[in-house]
Structures are given as C-alpha cells and as structure tokens.
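A.B. asks: Have a look at this one before I ask anything.
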C-alpha cells in the first residue's frame, strides 16, 4: 500500500511539473502582447519596451519559467498585469465559488446518475431502461452552453423559477445561496450524470449476471437485497472512480457555465484574463485547475486501493 502510494505521489509530482511547462509555453503562445495592452493605444515603442522590462518579459523564456516555478512553489503567482492585485488574492476570492458550484453539480450528477443506472440495469429491455438511456444520450449530445442558454430562456426568463444570474454565498445564506446555484449546477451536472449513469448500469448488469448473484437468488434472497446489497454495492467500487474523475472535470468545465450565469468564479476570471493577456493570472488559474485535477485523481486512486484490495495485490505484483 505505501509503495503504491509513494509511486502515485511521484507520478503526480512529475505530471504537475510537466503541466507547469505546458501552461507556461501555452500562455506565451497566445496572440497579442500584454506590454502593448498595458502601455495603451497611445504608447510609443519606448513605452512598450519599458513595460516589457517592468513585467520581466524581456528576459529569456527559460529564465522566466524558472522564476515563475520558484514563486509558484510558495503560492506566489505575482500580480495581475491588469489590476495590480496579487494573483493569490484573485484566486482566493473566485475559487470557492467554482468549488461550491462543482460540488453541488457533482451531488446532482451522482443522485441522478446512480438512480438512472440502477433503473436501467434492473429494467433491462423495458421502457424504464429506454427512458434512462434516452436521457443519457440526450445529456451527452447537448453542449453545456446550449443547455445553459435554454435554461436561462425557459426556466428563468419565461417561467421565473430560477434567477438568470447572480451569486449569493451558501456559507452566508444557505438556502438563498443554494437557490442561486441550483440552475447552474443542474446544467453543469447533467452531462456528468449521464456518464455516471452509463457506468453504473454497465457495472450493475455485470454484477447482477455474475454466478454468485445467481447463487444468492437460488437460495431465496429477495430481489431488493440482491439489487442493493450485491448489485449496487459492488458496482459503487467502479463508480467511485468515475465520480472522482468527473469532479475534476467539473471544476475545469465550470468556465462556460459561470460565464452564462455571471457567477464570480474562477472561470470568469480565466476568460477575463485571456482577453487582456494577463499572463500571471492565466498561468496561475490553469495551474491551479490542473493541480486540482491531479490531486483528485491521486485521491481517487488511493481510495480505490482501500475499497478494492485487488488493486493492492496487483500493485505489489508489479
């Protein structure tokens, strides 16, 4: 177990280093010059050159990367080129909004996905399975931005059931905060609910047709006990991994949803920074999102070794 954990930690650290290199290079490849933006339209070439020197953009790229990596290790991502605010402050103000949205969306995805998967597995070949599979297909085929627009038009503007935009912290006003986050969370969670549903159904069908389940049925075990004690319980081992990976994708995929519903999350911060070529903010945000995904993936792998001993055995064999 410890050897496997150290191996995964080493892989995660190496992945994070490689990700930082890709992020740094990718940001530098963006069109536009932040020094030109900061100097303004009226700034001459001398003003642009002075701004480049002030921002450290006149140094060699390897030097810029080493400086960026050194400060990033201590959580110091510099200051925003656009506002002068410490990047750490900007992320600290916006990341909680994205995390709240992602957790709420994940809760919806798990509840809807597991329920739909159980229904599709239990009622194979009948209309409940067709309905559940139809929902999954529709949710996977509809882009999130289109679902968001439809949700705003019909559920907010036409029916007035949910607010079209705005944010209230659930930590300060729980019910009102959840009310404002409900529609964005549903829109964001639908696609992931379909993924969870398909995985739950596939795993449950495999479990319910296994020999040990047939033996349990032959001994007179009730249908409900077979479904939940054997089918769902064994399927959740695999589903747990999918849920963990989907949570990482939810955090990364909240950008569009936050933009549609005007949520002051890290997605809005990312887009605003891209438009203004704010290198420090873009680098920090992408790196934080990447690190979140890597950490969640690592925790899921370690949790999987706890709930499924076969992983530990195979890891020892390697």
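Quick reminder: no glycine exception, Cβ is built from N, Cα and C everywhere.
What TrEMBL says about a protein is an automatic prediction, not a curated fact.
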A.B. asks: Match it up for me: which of 77-96, 177-196 does TrEMBL list as transmembrane segment?
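C.D. replies: Feature transmembrane segment in TrEMBL: residues 177-196.
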A.B. asks: Which residues of the same chain, at least 6 past either end of the transmembrane segment (281-307), have a Cβ under 8 Å from a Cβ in it?
C.D. replies: 1, 4-5, 8-9, 12, 15-16, 19-20, 23-24, 26-27, 30, 68, 72, 77-78, 80-82, 87-88, 90-91, 95, 237, 240-241, 244-245, 247-249, 251-252, 266, 269-270, 273-274, 315
